[in-house]
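Among the features that Swiss-Prot reports, active site, nucleophile is placed at Cys160, with the record citing sequence analysis. The dUMP binding site feature in Swiss-Prot is assigned to Arg22, Arg180, Ser181, Cys182, Asp183, Asn191, His221, Ile222, Tyr223; the stated evidence is sequence analysis. Among the features that Swiss-Prot reports, (6R)-5,10-methylene-5,6,7,8-tetrahydrofolate binding site is placed at Asp183, Ser282, with the record citing sequence analysis.
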Amino acid sequence: MKQYLELCRRIVSEGEWVANERTGKRCLTVINADLEYDVANNQFPLITTRKSYWKAAIAEFLGYIRGYDNAADFRELGTKTWDANANENAAWLANPHRRGVDDMGRVYGVQGRAWRKPNGETIDQLRKIVNNLTKGIDDRGEILTFFNPGEFDLGCLRPCMHTHTFSLVGDTLHLTSYQRSCDVPLGLNFNQIQVFTFLALMAQITGKKAGKAYHKIVNAHIYEDQLELMRDVQLKREPFPLPKLEINPDIKTLEDLETWVTMDDFKVVGYQSHEPIKYPFSV
């Protein structure tokens, strides 16, 4: 929690106003933020200065792992995070590639599980990484990326947290995740949960020990309609100790994640928080 609050204070005190064309709003912005999560000791980075709805964050990333491209599939997992971008984004609604209600296009998990090659074949990036790590192989290119400029016009949103690099040192697995842009009051709440959980899951299904997860953010910002709540409410609160994340030990393979895993297979223990804060969301 300390590093999260320090970033929020840094944005409030040092940030500069930048106009955002997509949303039509200004953002108080800083460049470069580095966060670190201790997955080995299960220090789950769940925000405590407001209530954090962690299940939706894990559900969303599980949808990426499965390569989902439809908001309805995400809702079935337990998260509505893609409803707005799939159905209320004006540019996407006017895009001829959109295939109807709830369609997200070729974003996030689609790129991770079915990156198109010029010959029409696809690459399953995640499968390659899992196969290598299970064999104890780290070719210094165990990289999962959702960032495909050649297909930005085929999706409703460019990826914000776009690339995940796994590093194997002995039998300990580490993760470095890269994010081009972060809505800190809303998005970071999700993203840090996802980075932590992704490493924990990958270590579990490849038979490795989880180490540390490193989270690198380029553009960290607070929207102008979020600033008052962050400065005058959330930053006035004292944080509670971090909880722990329990994952069903029966999850042993990528196929398990693709087929039967639900939010019932995850549990947070020892979570205390302050009251919720309803931050505005910018589509």
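Backbone N, Cα and C atoms are what each Cβ position is placed from, and that goes for glycine too.
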Spatial separation of Cys160 (active site, nucleophile) from His221 (dUMP binding site) - C-alpha basis, Å: 13
Number of Cβ atoms other than its own within 10 Å, given for Arg22 (dUMP binding site): 12
Candidates Arg22, Cys160, Ser181, Asp183, Tyr223, namely the recorded positions, that fall within 10 Å of Ser282 ((6R)-5,10-methylene-5,6,7,8-tetrahydrofolate binding site) by Cα distance: Arg22, Asp183, Tyr223
Longest CA-CA distance among Arg22, Arg180, Ser181, Cys182, Asp183, Asn191, His221, Ile222, Tyr223, per record bound to dUMP, angstrom: 21
Pairwise Cα distance for Asp183 (dUMP binding site)/Cys160 (active site, nucleophile) [Å, integer]: 9
Site with most surrounding Cβ atoms, counting all protein chains shown within 10 Å, from the recorded positions Cys160, Ser181, His221, Tyr223, Ser282: His221
